[in-house]
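Here is the structure we will look at, set down as structure tokens.
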Amino acid sequence: MTTQLEQAWELAKQRFAAVGIDVEEALRQLDRLPVSMHCWQGDDVSGFENPEGSLTGGIQATGNYPGKARNASELRADLEQAMRLIPGPKRLNLHAIYLESDTPVARDQIKPEHFKNWVEWAKANQLGLDFNPSCFSHPLSADGFTLSHADDSIRQFWIDHCKASRRVSAYFGEQLGTPSVMNIWIPDGMKDITVDRLAPRQRLLAALDEVISEKLDPAHHIDAVESKLFGIGAESYTVGSNEFYMGYATSRQTALCLDAGHFHPTEVISDKISAAMLYVPQLLLHVSRPVRWDSDHVVLLDDETQAIASEIVRHDLFDRVHIGLDFFDASINRIAAWVIGTRNMKKALLRALLEPTTELRKLEAAGDYTARLALLEEQKSLPWQAVWEMYCQRHDTPAGSEWLESVRAYEKAILSQRG
């Protein structure tokens, strides 16, 4: 018997075929686009190095919703629960502070062995892993400087941490058969008027060159660098600005990370993608939702998320853009936060794949901006939801909001027991 979903699917196929879109091909393309989920939503960026320590680096996780993960086993279980509710290919993005060891490990001494459980788990769940050195929430970052620190010994500590992190990243890629993107973000900056803005940037430039000096197989590891406008306590000066890292990534041919919350509120990273791609080999995206500042709210299916997805698809950047998420909301169920944000990113990618881009390009080239706008708006009403629901069914995930029932059941059975 034909189900309601199948009827809607058949009608959707016809509607999209009328504008030249093959929905089966769109779903095949969607399966080429993994989204890297960030582990730190699950525990408010606490990590396992010093879970009771305070979060520093000019970032904040606000809220106190019960049930956050307290160890790696709980975090992996929570991730599995979330991933069951998200269709299609996924990756996991880890920070160095999520290492596992029976004894304390200095950050400049981390090794692949401290992440072997994550690798075995990733293999079992058919996931790729990405990585980040953790240059925050540490006594040697307390004064607001790491890779650009004026003290040679402190700066060297962070250089060695990033070097060690690259080896961990390469281990991920070698073990899992898919390159790990390792992103370097540092909180370095000053609260008030800064007299010497040049010297810290000179030190950062030299430090980064030392960090990436060891040649690693690009099939296993990709270097990325990330800028930021400001952070709490670093409102007046950020060493790693957009101009600094754009220049660095261009001159060193690393990947450039664009975080949706790391620019002025009137700027959007969707407009930066095509410009950056002219100069850098690859991009890493941190899709987030800044509310007035880099607040890292859960990603919505809003105009900017859609614009980011459309830029990737319209310019066929599948093999040059790595899609990651970066938000941490401690005021709501953390598993639901993952599910909402990741599903929204995937919905945006699907909608972009269902766009009649070829026809729109023709109209634009012909100067018919009236028809361009009309088509862009009318396509929003095409039945993409039916295509999404079929995609979810094929991946054995809930199509609609019924996924929330599973989250609530898990919350009652598991999260509520954590105190």
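Using the three backbone atoms N, Cα and C, a Cβ is placed for every residue, glycine included.
Taken straight from Swiss-Prot:
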BINDING   H262, D294, D296  Mn(2+) binding site
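There are 27 other CB atoms within 10 A of the CB of D296 (Mn(2+) binding site), with all protein chains counted.
The number of other CB atoms found within 10 A of the CB of H262 (Mn(2+) binding site), across every protein chain shown, is 26. Taking the Cβ of D294 (Mn(2+) binding site) as centre and 10 Å as the limit, one finds 24 other Cβ atoms among all the protein chains shown.
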